[in-house]
Every structure is written in C-alpha cells, then in structure tokens.
Amino acid sequence: MIQFFKLLFRNRLAGLGAVVLSVIVLLALFTPLLPLPNPNITATGDRFLPPFSEGHLLGTDHLGRDLLSRLMWGTRLSLAVGAAAALIAAFIGSTIGIVAGFLGGRTDNVIMRLVDMLMAFPYILLALAIVAALGPGLINALFAVAAVNIPFFARNIRGVTVGLANKEFVDAARLSGMSNLQIILFEILPNVLPVIVIAMSTTVGWMILETAGLSFLGLGSQPPQADLGSMLGEARAALITSPHTSIVPGIMIFLIVMSINLLGDGVRDAIDPRLKSGALSRPLPATIVERDSTPPVPSDDLLALQDLRTEFHVGDRTYKAVGGVSLKVNKGECLGIIGESGSGKSVTALSVMGLVASPPGKIVGGAVSFQGHDLVGASYDELRELRGDRVAYIFQDPLSTLHPLYKVGDQLIEAMQAHRKMPEKEARARAVELLESVRIPNAARRVDNYPHEMSGGMRQRVSIAMALANEPDVIIADEPTTALDVTVQAQILTLLDDLRRERDLAIVFITHDFGVVAQLCDRVAVMYAGRIVEEGPTAAILDDPQHPYTKRLMACVPELGGGKRELHAIPGLPPAVDRLPQGCAFAPRCNFAQDVCKQGDIELEANGDRAVRCLFPDKVSQTEVTS
Ligand SMILES: Nc1ncnc2c1ncn2[C@@H]1O[C@H](COP(=O)(O)OP(=O)(O)OP(=O)(O)O)[C@@H](O)[C@H]1O
C-alpha cells in the first residue's frame, strides 16, 4: 500500500488530483456538521446577493437561498450519485464481460450482440429515454447513467477476459478440478480487477457529469433538492445578470471531474505492474551513454568490447548488469559467452549496438570498438546504419521477433530495403535465395508463409536468414537454440557453423549449454555476476577449467556414453547485481574460497591465450568437483 501511494504521488498531477478530491470529499462528508444555513430556505428579499455578502459567503440564488450551503449539499449528492452509478455500472458490466469472455462461443455472441444494441443508441438519448420511462428523479437518473455505461465495462472486461481464458494457468486450474465459477472468482477476477479499477477511476468523473447533465435538463434531482446539475439548470436564466450563480457550481464540477481524471491516470500507472517497472515506458532508440572515465583507445579487432560497463538505474537501486567486460572476435571466429541465467550475457550483447532499453539502462564505462571505431560514442544514425547491416542479431524466440501479420518473405525484403535500395523483384528473388541458404525446403513457396504457418525450427531458420540478409560481418546469436528440440538444435548449430565457414562470419554465441559451446565455438568466455571469470580457447577450457565456477558449470552437464557420473548442482544462488559482495562474487558458493577472496577486487589474470579471475587457479585445476 505504501508502495502504491509512493508511485501515485511520484506523478505530481495525480498527487494534486488526490489532494483536491480528498478535500472535496471530506467537506462533502462533513457538510451536515458544518455551520451552514438550511439550503432549501428561500428569502425572496435576498435574491441574487453577490459573493461575500453578509451571512452568505458565495451569495444567494434566484430564491435567496444560500449558495455555499446549496453547493456543499449539492456536491455531496452529486458525488454520491456519480460513485454509486460507477459502482453499479462496473459491477454489472464487468460481470457481463467476464461471463461472455470466459464462456465464449454462442453465449459470448448473444451477450455481446445485446450489448452492441445498447451501444447503438446515442448514450444521452438512451439515458433520456430511460428517465422518461421511469419518471424524473435522482434515483432514476442514477439508474439511467449506470445503464448507459454498462456496455463500456462489458466490452473492456470481455476483451481482457478472452485473452486470459486460454492462458495456461486457466487450463491448469481446470485440470485441477476447479469449477467454472471458482476459476472465474479465483483465477480470472484477480487478473481483471486492476482493469476494472482503472476503468472506474477514469469514468466516475464522466458519470458525475452525465448525472449533472440530466439534472440540468430537469430530469434528475427535483426542487428544492440541490445537486450540481440542477443548480446549473436553475442559474441558466440569470447567466448574464448574476453569473456567480452558474460559476459556483460550474467550478465545483470542473474541480471534481479534473481531480478524478488526474487521480484516475495516476491510479492506472501505479496499479499496472508493467508501468510500475517501467516496462511500458518507451525506451530511447539508443542506450544512454554516461561514461565516468576516459574511454580506451579503440582496438584493431573486428569487434572488441573493452572494459564495458552497463547498469540499470531503477529508483535508488543500481543494477551492475555488466561490470567491466572485455572480449574480442575476429573474422571467421566463433566466440561463446556462457553463464547462468542473469549473469549479464544478453545485456552485454545488447550493449554492442546500443540496444539496452534506456531508461533504465545506461552504458557507464568502456568501449565497443567495431572495425577500429568506438560505437559507444556513436550517434543514433550511425548505429542504425550498422544494426542489421554490419552487425546482426538472432534472438531466442523467433515468434516474438518475427512480425505475426507479415509474410516471412516481406519481412526479409524489409530487412534488406532498410539498408539499401533494391527493386521489389530483385529483393524477392534474394529473399528466396536466403531461405534456400538456410536450407528451407521449397523456399519459393515458403516465402509467402506467415510465421505461424512454420515450425519453431523453420522460424529460427528465417531469423537466421534475416540476420544474413545484408551479409553482416558479425552475428550475435542470443540463445538461438534454447527453445528448440535437440534434433532441430543440432541442425541449426550445423547450419550456423557452415555459414560461418562459407562467409567468414564472426559469431558471438550466447548460451548456457557447454555442449553447444563445444560444438561451435573456438573461444569461450564464462560470465558470472556481470563479469568474465574465465576466458580462452574452448578445447583448453573444457579440458582444464581453472575457475571454480567454470568447473561447477561443467559438472552440471550430463555426458552421453560417459558412464555413470553424479551431476553436481551449484549450491546457492548467483548474487543480485545491485548488491554484489566484496571481492570475488562467486566466493559465497565456492569450496576453495578463503578470507582473501572476499576482500579486494580480483583481476582477470592473463596466462598465454587464457585468462582467469581466481586467486587459486592451480588448486581448482587439480581438484575434482565432489559436491
Ligand atoms: N530492465 C532491467 N532492470 C533492472 N535490471 C535488469 C533489467 N534488465 C536486466 N536486468 C538485470 O541485468 C542482469 C543481467 O541480465 P541478462 O538478461 O543479461 O542475463 P542473462 O545472462 O542473459 O540471462 P538469461 O540467460 O536468462 O537470458 C540480471 O541480473 C537482471 O536482473
């Protein structure tokens, strides 16, 4: 709750709305206790007294009634009616939406067509018709306003429910034997509740306005009872001669509706978990760079990361996702980056082309040199030209990287035309050629397939074809085979290996599978808590790991045909990168750790073509992993 209020008040306007609305609601609640004259007592001798008259702070109306008193009582009534109408509309509309969305099929069709019929009438006409049928009066106006708003809730909530009804957690609830009612109450409702609250908070202002509108037309509250709408209606005749009688209720309506709307926006932002974590905030086109030290001189390698540091700044926390990584890859080489989940592999890869979402991501130090040129300081235009052209990416899940509504051929053509002008016919021929080069059978026909018409392995081949579209120098593949079964995984790895040899490609391959590294990579870098802990030629590292983390990672991998061998999971969990321990980040999980490991920073010590960040590499090298 405290977190909710903190988030709410971070939005200044929402905070202002909350304060204004709270004051109005408090005044309305305590109106009976305030020393105000009776709002309905007329005094024809005191008609249209101006504001600040004696005994009448806001003046009087056309019957000499005290305006302040009528305003307070009227506000109380308008707020109560608006909130009640919103609750009724939200309850009935959401129930209809949840039932229709959850049951689907004919029930959904019948219910939603009835709702559509209700929506086909202009809402104010519908409200007028309902009040005309029921007779004028505030309660009837309340029902009319609630009724015309039911379709709004029904449609919104139905849409959300349809999306939830087919989710795995609902299937799981069904499999566990829960009834439809239980699923709706315990699985669906908690998920749609934030949407209902958000919809309510943004519509209650409207409902107050609509009720005021009906009262203004004489169909809501009846004389002498005051609500804000009827006060406006009565003041209409004296708009020119005594404008204060209209301005007073007008300002109150404005304040109520504005404060509710501002607060509603704030509530929406604070309630939505994706907005809370910044996931829906639109990232900048390139990662923010704020280097705190002079960048290193660019290297001559094709691609080199030099002491790269990338952080996420969320609230007052700093997540050191990449804490000084140096790596290089040259033409025709394949470099593997391996590590547990959360070790910083993806953020390292995304930092290369400035693709880390900013905010909250920031590159705070080091350099990424590509063909001798530092990309960390490069302009967005420069990065955009290189992205997908000289440096291409392949991601883990092709379903989320391929656009679901475009044919794969069109997406390949788009990838080429983003970088060079090419006639449509030539681009299409090249797209077919690309699909053939990634061994997609019947490429001329497949080019017109949509992603959902292809299997997972096929889609990943399309992603590889897309990465190859502009004949890049470097491909960064971020766990491209993790989502595939082993047979398809082997085919994709062979394909990547062949392509690398045929085209002299440099590949940076991110994985958490040592088997994949062994099959594909010339060199491997092992990452832990945002830093490289060991690096060197794959064969040498597989043969003789010198960092305890590498050794333990390898001990987790089952070996086919290797005889019976106990698999040893790594005890404990990786440290959170916003609270890294002093000294070696692996020390709390390490059998070899001594006090000295937990003190100062430990360097990545180079030894020939290998490097290791450990004080006791020889000891590690000579000891078997036992538990
Ligand atoms: N938007 C973010 N805000 C805060 N921290 C983040 C954000 N994105 C990533 N991180 C942190 O950065 C660290 C590195 O994440 P990264 O995705 O690079 O790990 P990874 O090794 O690629 O893991 P995986 O194998 O699961 O993809 C993690 O500890 C993660 O918590």
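All positions are counted from 1 along the displayed chain.
From the backbone N, Cα and C atoms, a Cβ is placed for every residue, glycine too.
Small disclaimer: the values here were computed from a predicted structure and weren't measured.
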I'm validating the feature mapping. Which of 184-209, 392-417, 496-521 is tagged transmembrane segment in TrEMBL?
184-209
Per TrEMBL, the range holding transmembrane segment, considering 246-264, 474-492, 569-587:
246-264
Looking at the stretches 12-30, 184-209, 246-264, which one shares the most CB pairs under 8 Å with the transmembrane segment (77-103)?
184-209
Mean pLDDT for the domain 'ABC transporter' (303-554), rounded to an integer?
91
